[in-house]
Amino acid sequence: MKMAMRLFMRMLKMGYEPDNYIYNTLIHGFANLGLFSKGWVLHDKMVNSGLKPNIVIYQIMLNNYCRDQKVDCALMLLDDMLQRNIAPNVHCYTVLLSALCKEQRLEEVYSLYHKMLDSGVVPDHVLFFTLVKNHAEGDELYFALTVLQAIAKKSCNIDISTLSSSVNPKSTGDAMVEIEYLLEEIARSTSDLADMCYSIYMIALCKGGKLDAALRCMEKMANLGLLPLPSAFNSLIKLLTQEGLVEGAESLLEVMQDQGLVPNQSTFAIIVHELCKQGDFQSAIDVLDQIEERGMKPNVAIYNSIISCLGRRRMIHEAESFFYRMLEFGIDPDETIFATMINAYSKNGWANEAHKLFDKMMEHDLKPSSHAYTALIPGLVKKNMTKKGCLYLDKMLKDGFMPNTVLYTSLIKQFLRKREFEFAFRLVDLMEKSEVEQDLVTYITLVSGVCRSMRRFDGKWYLSNEKSDKGKEILFQLLHQQAILSKEKSLKLLISSQEEMKIFSLKLIQKIKTVWLMPDLYLYNGIISGFCWAQSMEEAYEHLNLMQREGVQPNLVTFTILIDGHIQFGELDLAVALFNKINANGLVPDRMLFNTLIRGFCKVGRVLDALSLSHVMQKRGLLPSKSSYEKLLSSLCASHSSVHALRICEDMLSHNYFPCRYNLHWLISILGKDNKLDEAGAIHDLMLNRKAFQRNVESYT
């Protein structure tokens, strides 16, 4: 920009008068850098030179104000345009409406949208697509109808009041009839807008999940010689992929190409995103490979979806590999993918890598968002790097981001996991005083976090060291700055026994039941889990019946929780009966359910039943967990079943599980007592060569 301004000043000295294009270019440059005041200085200079600013300048400023989250400045500029008799076009309204949607200022969205319609500006498919993404679910067709009516009235001169079906539709079926009638009128009056209007309808159908109707709409367009817009094709491809019809989506890609439309990055990004949402990252990677084979440059959104999926599956090495593959391919990372990778590092315990990547993001001149901060800070706390987390929290506050529900919930979760209950509930208390909303995830976190630790509670709080206490107090004080009632004392928990812990947990569940509005499977599972851990099985089953009455069907996790509750309560026969009932009802037990029951059998000494169940499990293609194997091994050693114990040890080794030293010593002992000295010697040698075994496993994996 310095060089550009020097050239500009030289032009003036040489007597050349800059035109609108030069002023627009310079203003665009300053706005891109966020230097709005310098842009306005040039604007004033342009006016003083006798040139009239055109709408392009205002579009540039509006775009950049919204990009920098200065929506109020953009709204003021819109008002200024109207006062200067410069009529905003649909693109001006689209960028403003999109920015308001991102900030969830929905009342202002609807007000501005109707203001646009009243001023005579005709909406287009881009504006429709922008708004329908943020519109109330289920209202897509009603919203499409208002857009199409505006187009018909303003651009096609159709008097919609004379249409026989112009009454307000009472159902989605009525809305579809109304739209299809209107589309026929538009197609008869002008073919220029018919493509766009039918595409708007097709997008609305796809957003509403109406696959058959969307396919019929595409067929109707083909019969009329109309071509869907790329955004309509993309919407249909997304819906097909969501429905698991990947082959159908691939066939539609061929249809696009046959009709002369080249699938763009957005098309492939949609397919990859939906495949990753379904956990099918291998197919997503195959699509990425196809893009590169076509000679196309994948966009950052494609890599973001894959990295996010790999991070959720704890495949952190693979996620990291794809992040650096993207950089090597010459794709510029954005703030979103940095936040995704930071989140993957943090969730998987790679706190050092997370904060190093955060610092690297700033080296790329990318301004961290609240998502990046909320991903990083809890990850540092998780790895006992609370003081470093406080440095980033302080920077977050200075950057103008307030602690939100996600940050509070993530921090509470980490301290509950560390069994630092008192500090966790001080944060809950502070969250309420700061008027930060507690959402469904917060409630699930509280119930599961407290109940998970209930059995292990021995009447003593976690004893943290002085360094940890200082870090927590700094963290608390930084968050405390936003509290409304700052002078009130923080919450204190007076719990000294497991019974008191149970009472506290049940009170917490009762409190959550009074504030939660929508039935939710995860919250029900958390509440049922709480009752099971509090050994209140009767109430657990009452809530099982309640969730079914409210239309929420239990899943395998629900039954696993109940089976585990019976096991902890000493009711193994009831646990087995429930397991058999699940099988009889056609539900297929998963790995977690098998492992839970295996550990239950071992707990009461029914080790042969546990062994038999592990064989059934493996026949179904499921592998017992390491902890289940350890339970089996220790139980077999306790029953002096050296033959079975040795087989379990061999089975563990074949699956790259190295038994713990205690169980190996025990196995050597019973093998010696059974005079199986060669086998005992082999196990002893194995213990001595443990490091070599682990190196072999690492090289294999």
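Glycine too: its Cβ is placed from the backbone N, Cα and C atoms.
All TrEMBL annotations are machine predictions without curation.
Looking at 21-42, 197-218, the stretch flagged in TrEMBL as transmembrane segment turns out to be 21-42. The repeat 'PPR' (89-123): residue composition by secondary structure is 26 helix, 0 strand, 9 coil, according to DSSP. Counting same-chain residues at least six beyond the ends of the repeat 'PPR' (590-624), those with a Cβ under 8 angstroms from any Cβ of the stretch are 556-557, 559-560, 563-564, 567, 570, 572, 575-576, 579, 582, 631-632, 634-636, 638-639, 641, 644, 648, 655. In the repeat 'PPR' (194-228), the DSSP tally of helix, strand and coil residues is 27 helix, 0 strand, 8 coil. When Cβ-Cβ distances below 8 Å are used as the criterion, the repeat 'PPR' (555-589) is approached by residues 455, 521, 524-525, 528-529, 531-533, 535, 537, 540-541, 544, 596-597, 599-601, 603-604, 606 of the same chain, each at least six residues removed from its ends.
Sorting the repeat 'PPR' (229-263) by DSSP state (H, G, I as helix; E, B as strand; all else coil) yields 26 helix, 0 strand, 9 coil.
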